[in-house]
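Student: Structure in structure tokens, see below.
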Amino acid sequence: MYSANHWGGSFEIATDGAASEDDDSRNTDLDPGALQSSAARLHRHELDETQLGWLLGPPAAKKKNRHVDLGCVVVKRKVLVWAFWALVAGFVVVGVPVIVSRSIPRKIPRPPPPDQYAEALHKALLFFNAQKSGRLPRSNGIRWRGNSGLKDGSDAKDVKGGLVGGYYDAGDNIKFHFPMAFSMTLLSWSVIEYSAKYKAVGEYDHVRELIKWGTDYLLRTFNSSASTIDHVYAQVGAATIKSKTPDDHYCWNRPEDMAYPRPSLSVSTAPDLGAEIAAALAAASIAFRDDAAYSKKLAHGAATVYEFATRGSSSNNNNNQATYSRHRPEIEPFYNSTSYWDEHVWGAAWLYYATGNSSYISAATGPALAKNAMAFDNGILDLSVFSWDNKLPGAGMLLSRLRMFLNPGYPYEASLSGYHRAAELDMCKCLRRFAAFNFTRGGLALFNHGRGQPLQYVVANSFLAALYADYLDAVNVPGWNCGPNFIATDDLRAFAKSQLDYILGDNPRKMSYVVGYGQRYPRHVHHRGASTPRNGVRYSCTGGYTWRDSKKADPNVITGAMVGGPDRRDRFNDSRMAFGQTEPTLVGNAGLVAALVAVTSSGRAAGIGVVDRNSMFSAVPPLFPATPPPPPAWKP
């Protein structure tokens with residue numbers, strides 16, 4: 001029986017029975033999941049999303065990338081962190097080793113050693129210290145020299161303080177002002193051109209002190225504060241040939257022991273001496289341009305003495321004045337001037353550079369003056385030799401410098417080109433291949449034709465050769481023509497170096513002619529101070545003959561003195577009596593110093609150029625008018 005169902009429908013519980021099995025068998029082929037029994041499906045309870053939320057809690061939030069705003073760009077923080085650590089790593093790997101290596105103390109590398117020319121230069125300058133007269137400073141550095149000639153010029157009543165100071169000329173104790181002035185001109189010229197080299201080898205202050213010692217004295221040889229003078233002193237001390245009375249040649253005394261008369265020789269006609277003193281003072285005024293007061297004093301003195309030298313001269317009459325040495329027995333046998341027109345060109349050129357006054361360049365380039373000086377007469381060989389007596393090659397070089405560097409043009413061009421051609425021809429004659437001069441077998445140029453004192457001519461002309469090569473380099477010209485032959489600048493330098501090498505020991509005798517340089521050099525120099533010991537004994541006029549005639553080596557080594565030199569067959573007699581070979585001179589050492597500084601390469605590695613282009617022209621005004629300023633702007 002069946003219970004009643006008040007809500008409708010049957011109370012019978014259906015179990016699906018056979019029908020369900022049939023349905024499963026039918027669906028088996030369609031879906032394996034259908035194999036699940038109906039009971040299993042009834043007992044499986046699937047949770048909806050809400051229920052899952054109750055059990056599992058809220059879903060995990062996704063991580064967001066953090067960014068950093070750098071102002072101009074926004075970057076991820078992670079990228080910024082990685083970049084920072086990369087920099088730290090780079091600093092550790094690279095920076096730390098660099099800092100450590102730089103913090104380790106290192107030995108400062110020494111400059112390259114000086115070449116042989118710089119070494120010889122140091123010694124050659126010391127000769128001037130040994131030749132000083134007057135009250136010597138403690139820094140003079142020659143221990144066997146002392147004060148001397150303190151009464152010089154006591155007979156020159158118009159000279160305040162006398163004629164104390166200056167330099168002794170050679171192995172005797174005379175102060176010849178003509179070669180002394182030329183020596184100061186050469187030294188000043190070398191300083192103007194090669195001041196950087198002097199500084200590089202540590203001799204700049206020394207050489208300027210030597211120049212000033214000479215120019216201070218030359219300023220006392222006339223009234224340098226005046227504008228007009230009527231005389232100049234030519235020398236202090238005197239000697240005559242084969243004298244038998246006490247004088248500077250008859251006596252053999254150290255300068256410190258002189259007890260014989262030393263007259264001061266005044267001359268009222270000195271067209272050559274006056275012009276040479278003017279050249280020395282003018283050149284020094286350029287070398288001392290950094291000392292305005294002293295430079296001005298030198299330039300004023302130069303103008304005064306040049307006016308005196310040229311006052312009685314006329315360019316149209318070359319016999320108008322007598323040379324300073326004519327009929328002077330105390331001068332003529334020793335420093336006889338054969339002409340004065342070359343000194344007039346030389347002095348005028350230096351005064352133009354020192355003052356910028358165009359009247360001097362007009363005088364130097366005047367056709368009449370060049371004619372009287374025979375500046376363009378190439379047929380006279382000796383006029384091509386630069387020396388204390390012939391300034392034409394030096395004057396030609398100075399004026400060629402003006403043409404090569406500034407090229408002033410009209411109205412000077414015709415004369416300047418003539419001097420330039422003469423200078424080029426002088427350089428051609430130096431070279432052995434053209435056979436203008438003879439050479440010894442050992443390679444020494446015989447500019448004085450084999451007579452005594454050959455080396456002083458060699459060094460003066462070697463200086464000009466090296467200087468002209470540097471001028472050509474300065475204007476980027478590789479050489480010049482000697483007739484149909486092109487000559488490179490290196491050929492000129494090779495000539496200059498070959499002559500200096502000969503003097504320093506590359507000769508058949510394998511000896512140096514500069515005292516104190518090398519292992520073998522003259523030991524019996526014709527020099528009173530070097531040959532007489534400083535032993536507290538005051539030797540008399542003739543008492544010094546013991547040391548003059550001694551076969552022993554000099555007790556005092558006169559370091560840096562370049563002796564007269566060998567004969568035409570490369571032979572050399574190391575004897576005090578052979579004065580033509582063993583006597584040093586102021587002029588010889590001045591040329592040696594100038595040539596050595598010109599050829600030395602010491603200092604060039606530091607960027608030093610060949611010559612100083614501008615110092616020579618520091619007082620020369622602009623050659624062409626300056627561009628006028630633009631007109632003021634128009635305003636309504």
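Cβ coordinates are placed from backbone N, Cα and C, and glycine is handled just like the others.
Automated prediction, rather than curation, is the source of TrEMBL annotations.
So TrEMBL has the following annotated:
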ACT_SITE  H526  active site
ACT_SITE  D574  active site
ACT_SITE  E583  active site
DOMAIN    117-596  domain 'Glycoside hydrolase family 9'
TRANSMEM  79-100  transmembrane segment
Student: Counting only residues 6+ away in sequence within the same chain, which have a CB under 8 Å from the CB of D574 (active site)?
Tutor: P522, R523, H524, Q581, T582
Student: Other than its own, how many Cβ atoms are within 10 Å of the Cβ belonging to H526 (active site)?
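Tutor: The answer is 23.
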Student: Within 10 angstroms of the C-beta of E583 (active site), what count of other C-beta atoms is obtained when all protein chains are considered?
Tutor: 21
Student: Compute the C-alpha separation of E583 (active site) from H526 (active site), stating it in Å without decimals.
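Tutor: H526 (active site) has its Cα 5 Å from the Cα of E583 (active site).
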